[in-house]
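Copied over from TrEMBL:
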- 10-70: domain 'NLE' (DOMAIN)
- 103-144: repeat 'WD' (REPEAT)
- 145-186: repeat 'WD' (REPEAT)
- 188-225: repeat 'WD' (REPEAT)
- 235-275: repeat 'WD' (REPEAT)
- 355-396: repeat 'WD' (REPEAT)
- 397-438: repeat 'WD' (REPEAT)
- 439-472: repeat 'WD' (REPEAT)
Amino acid sequence: MEVETVVNNVICQFTDPEGNSLGPPLYLPQNAGPPQLQQIVNELLKNEEKLPYAFYISNQELVVALETYLEKNKVSVEKVLPIVYQPQAVFRIRPVNRCSATIAGHSEAVLSVAFSPDGRYLASGSGDTTVRLWDLNTQTPMFTCTGHKNWVLCIAWSPDGKHLVSGSKAGELQCWDPRTGKPSGNPLSGHKKWITGISWEPLHLNSPCSRFVTASKDGDARIWDTTLHRSVICLSGHKLAVTCVKWGGDGIIYTGSQDCTIKMWETTQGKLIRELKGHGHWVNSLALSTEYVLRTGAYDHTGKIYSSPEEMKKVALERYNKMKGNASERLVSGSDDFTMFLWEPAVSKHPKTRMTGHQQLVNHVYFSPDGQWVASASFDKSVKLWNGITGQFVASFRGHVGPVYQISWSADSRLLLSGSKDSTLKIWDIRTRKLKQDLPGHEDEVFAVDWSPDGEKVASGGKDRVLKLWMG
């Protein structure tokens, strides 16, 4: 009998996504599947509340019993089988599958869309020089914000939801009060060419929110203060246009440029801390592993309302620390050289991984809310999925017949949205690595997509001048 029990067991070693072992190797019955593994991991971690986990063997999710996996993949039971456990969101986002509203209003292409951190409002920026604010309950326009003299290229909500800032092709910026749709102060001038990116200082570092950073084609990045209504620091050092900017959770600003470099700046005096080199062409896009919690501040899927800026700051800090864990913030860059790099900028100026596979320029990169995945959109018509910790390639999503412009994640990290020149949106299932939903409906190129932080809605806009809302 004893021989038989050993034969029917497999030696497994649980590790977390960073590669740290959880206890010693264990003999597990071959008929054990994800439910049994969940129980074991919860016990090993001494979780008081049972948490959901997904399990991966060689980057492939285990969705069957161990014996089925071993047979199918012809894996030897004599070696230790490493199983990576990965925490899952405790809530589930429904995949959107229908267009719930097509809203006309803009008279030129919609160039940017962004949901507020609490998911209640939507802002859009357009080639018609206006910013519009929409009420998502009634799916009607609330305010049309006028004042820009040129195309509105980018918009960004402060993580406390109190401000919206927009940047134009003329290089000017405008802060708006989302409750009234009125400008808060005069336009902010300083940049000489168009605005390419806007990023707010994280709420856990400063509440209420008052500072943001902008990137411009003029080669500079600037830090602005909404209470002083002016640029307080100019970050100059790039030799060509600054294409993207991120304000990190540890208070460091990252800028990517057409000069092929990424620069890191401290934010009290604007001193250059470090330069990240490696790309052979323009840097187009940057993403941080903590981006979702930085964007949403104190707001989570429960919809809790806060009474004071201090309370919001405290909750935002708790969310940030929980998301980051003991690891340092990770950065991904996407470039015109068809490649991406994964960096741990606080640790080293050298990239952790060079990520290759795209056949054309990489247009947009984005970490999943849980930091476990990176998605990339390219002019080669594909979306690719990578391991967010190692940078290892995981899967290619093919289906678009034109360049992919922008991507966005569902709040539970289980679904990925892409918008393309081919006029469609597509939703990809991360577990099955397959197309979950095709969303045709736009009459022309889709330039901008966003998934609301509460997971309820998707917004898209493009060349056909309409804003579409999609729901499950």
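Including glycine, each Cβ sits where the backbone N, Cα and C put it.
Within its own chain, the repeat 'WD' (103-144) has Cβ neighbours under 8 Å at 150-161, 164, 166, 168, 174, 176, 178, 180-181, 295-297, 299, 303, 447-457, 459-469, counting only residues six or more beyond its boundaries.
Sequence-remote contacts of a segment are chain residues at least 6 beyond its ends whose Cβ falls under 8 Å from one of its Cβ atoms, and for the repeat 'WD' (397-438) they are 54, 61, 63, 88-89, 91-93, 95-97, 292, 301, 360, 363-364, 366-370, 372-373, 375-385, 444-451, 453-455, 458, 460, 462, 464, 470. Beyond its flanks by at least six residues, the repeat 'WD' (145-186) meets 108, 111-112, 114-118, 121, 123-127, 129-133, 192-200, 202-203, 207-209, 212, 214, 216-218, 224, 226, 229, 294-299, 309, 312, 316 of its own chain at Cβ-Cβ distances under 8 Å.
Within the model, the repeat 'WD' (355-396) carries an average pLDDT of 97. Secondary structure of the repeat 'WD' (235-275) per DSSP, as helix, strand and coil residue counts: 0 helix, 21 strand, 20 coil.
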